[in-house]
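Report on one structure; see the data block that follows.
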C-alpha cells in the first residue's frame, strides 16, 4: 500500500477513536465509530488475498450491524429523554440494545464468532490493531454508560466470554486465533467488574493492551503464525524466547507478573460486593486460558531440537527489524506488580 494513503488511513483510524472517546453527544460518538470502522477495512486488506477480503467482509458486516443497533438504542433513548447527550438510559429496551451493540463491537460472547475468523484472515500487524486499538472506542462508551447497563445481562455475557475464551483456544495451533480467544476471555473479565468499579476495568484494559502488543511484537519479530513456527524461536533468539515464556505466564495471570494484578483486584472487588461464587467460577475458568498459554510456552521454550544443531535457522525465519519498543513493552507486561498498592489507592 502507498505510504501516503496508509498514513491517511491510520490518521483517520486514530481520529475516529479519539472523537468517540472525547464526545458526549451520541451522534458524534456514532460518527467516530463509523470513521473507525471504514478506516480499519483497508488496514485488514493491507495484503490483498482472498482470505483477507473475506476477513474484511466479515468485519464490515458485523460492525455495520452493531452500528445500526447502537443508533437504534440512541434513537429509543432520544424519544424518552429528549436529548442527544450521554445520560442515564431511561428505557430498558435502549439499555439492552446498547449493551448488545457494544458486545458485538468488542467481540464479547455470544457475539464473538467474527473475531477469531477476522484475526486469522489478516497479517499479524492488522491483527494486533484489531485486538488492541479497536477495543478502546467501545470500552470508552461502556465506561460512560456503565450505570445504565443491565447488570444481569452484562454478568451473563462476561461469564460466557470467559468460558468461550478458554474453551475456544484449547484446540488451536494458529497463534492469531489463540490471541483472539484470549482477547474474548480478557474482555469477559473487564465487563464482569465494570458495574462495580469502572476504574479497575480501565486498569485491566491497559495491562491487557501491553501484554497483547508485547506478544504480537514478538510474533512479528520471528514471523510466527503457528505453534510449530514458534518452536523454532530458541534456535535464533533464545533471549526473546525466554521473554515470550514470561509474557505468556503474565497473560495467564500468574503471580508475581503484571497479569496477576488486574485479576487480583477484580476478584477482590467482586468479593467486597458479597459475590463469592462469581469470582470463584471466574478464577477456575481462567485455568483454561492458562492451559493453552502453558502449551504455547512448552512448544516455544521447553522443547529442544531432536538432534544436535549448531546452525541458526536463517532460512526458516525471516530477518525483520527489531521493534524498538519491545523491551519497554516486555517490562510493562511482566514487572508491574509492585505498583499494585498505588493502583489500589487510585481506584
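Cβ atoms here come from the backbone N, Cα and C positions, even for glycine.
Features of the protein shown, as given by TrEMBL:
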DOMAIN    23-286  domain 'NADH:quinone oxidoreductase/Mrp antiporter transmembrane'
TRANSMEM  58-76  transmembrane segment
TRANSMEM  96-115  transmembrane segment
TRANSMEM  151-171  transmembrane segment
TRANSMEM  202-221  transmembrane segment
TRANSMEM  233-255  transmembrane segment
TRANSMEM  275-294  transmembrane segment
DOMAIN    290-343  domain 'NADH dehydrogenase subunit 2 C-terminal'
TRANSMEM  325-346  transmembrane segment
Checklist outcome for this item: If you count CB pairs under 8 A between the transmembrane segment (275-294) and each of 96-115, 151-171, 202-221, 325-346, the winner is 151-171
Checklist entry - Counting only residues 6+ away from its ends, which parts of the chain sit with a Cβ under 8 Å from the transmembrane segment (96-115)? => result 33, 58-59, 61-63, 65-67, 69-70, 72-74, 76-77, 89, 130, 135, 137-139, 141-142, 145, 148-150, 153-154, 157-158, 160-161, 163-165, 168, 180, 183-184, 187-188, 191
Item to check | Non-local residues, at least 6 beyond the ends, that sit with Cβ under 8 Å of the transmembrane segment (58-76) | outcome: 26-27, 30, 33-34, 37, 40-41, 44, 84, 89, 91, 93-95, 97-98, 100-102, 104-105, 111, 114, 117-118, 121, 130
Item to check | Folded-back contacts onto the transmembrane segment (151-171), same chain, C-beta under 8 angstroms, at least six residues removed | outcome: 96, 99, 103, 108-110, 112, 116, 177-178, 181-189, 191-192, 194-195, 278, 281-282, 285-289, 291-292
Checklist outcome for this item: Per the Cβ under 8 Å criterion, with at least 6 residues separating them from its ends, the transmembrane segment (325-346) contacts 199, 203, 207, 210-211, 213-214, 217-218, 221, 243, 246-247, 250, 255-261, 264-265
